[in-house]
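Going by TrEMBL, these are the annotated features:
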{"type": "BINDING", "residues": "E170, R179", "note": "3',5'-cyclic AMP 1 binding site"}
{"type": "BINDING", "residues": "E293, R302", "note": "3',5'-cyclic AMP 2 binding site"}
{"type": "COMPBIAS", "residues": "15-24", "note": "compositional bias 'Basic and acidic residues'"}
{"type": "COMPBIAS", "residues": "44-53", "note": "compositional bias 'Basic and acidic residues'"}
{"type": "DOMAIN", "residues": "105-220", "note": "domain 'Cyclic nucleotide-binding'"}
{"type": "DOMAIN", "residues": "223-319", "note": "domain 'Cyclic nucleotide-binding'"}
{"type": "REGION", "residues": "1-55", "note": "region 'Disordered'"}
Amino acid sequence: PSYREGLINLHAKARHEATEHQTNDDDDDAEGEGGGGGAGADPESLHLPDDSTRPSVLADRTEATRFKNVFAAPLQIDAEYRAPVHRKTDADAKFIHKALEGNFVFSNLGKAESETLVDAFEFCPKKIGEKIIVQGEVGDYFYVIQAGSVAFEVDGTEVGTAKAGGSFGELALLYDCPRAATCKATSDCQLWRVDQNTFRKILASATMKNDNEVRDILRKVPFLKDLDEKYLNKISEALSEMKYSKGEMVVRKGDEGNVFYIIKDGKVKVHDIEVGQSKYDDQVLTAGGYFGERAIVMKEKRVANITTIENCTLLCLSR
């Protein structure tokens, strides 16, 4: 298989193992928020510029990717949720985008969700000496520093600082837990902030909308259209979404394939088609089209080359 197909297979295996782990781990939640390794165990999570100070007490979380039962309260949301929009200049929006880069909390957001999130940030100026976050209080805001400086204190002792370009409080977007540090303005500050509820709704709405789109695409595949909702959901959850650039070869003729593809958007060219002794004309497939079913069902080698005509997003199902 190609590198891409190897990656798809790896994702499929990881999902399978994660599902098994989830089943076995349901009764093992003792170290949750406030326990060893849980959300409440670390001081306030910070994302600071290179010249800000971050002592070991404020080190990066080693369990940043542990998202099991990450939200304390259930969320009521639909795919058409509209997030609030707060006025800001293009320069302000660009600054916030830059501040979010490299932060694990936002790493899986798509372009549209990122823009919606940035629009939802509200301006929050603070005067010198004013407390922004108080240790021990339950907070639900994440902050980006556009101007000014902030000091971080744990039990009255300063443990770090941050200035323009820094951010702090992202764990409040994920967990309902007491703040682990006090954050105080050490000069007049220009801050931008977004709350947990808005962040969660943006993320949930985008996920729900994408899931609905994927199920609609699956219903258009002839041999999947008669499946009930339960099985469509299972297939949807098993899919990997991969992006391909224009001119990139997706499938190479003669390769052993074990991935089935559905085109979410874009176009591909199926060329050099040969089945047995028969050769066929080239074909162009567009959104909703699919290929690779022979390889995944009958375990045959690929019978054609398939190359993208334009940038494509493909839904991939590993055998």
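Glycine residues also receive a Cβ, built from the backbone N, Cα and C atoms like all the rest.
Predicted, not measured: the structure shown is a model, and the values here were computed from it.
Annotated features, which come from TrEMBL, shown on the structure.
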residue: E170; record: 3',5'-cyclic AMP 1 binding site; CB count, 10 Å: 24
residue: R179; record: 3',5'-cyclic AMP 1 binding site; CB count, 10 Å: 21
residue: E293; record: 3',5'-cyclic AMP 2 binding site; CB count, 10 Å: 15
residue: R302; record: 3',5'-cyclic AMP 2 binding site; CB count, 10 Å: 20
Where DSSP helix means H, G or I and strand means E or B, what are the helix, strand and coil counts for the domain 'Cyclic nucleotide-binding' (105-220)?
40 helix, 43 strand, 33 coil
For the domain 'Cyclic nucleotide-binding' (223-319), what are the DSSP-based totals of helix, strand and coil residues?
16 helix, 43 strand, 38 coil
Length of the line joining the Cα atoms of R302 (3',5'-cyclic AMP 2 binding site) and E170 (3',5'-cyclic AMP 1 binding site), in Å:
46
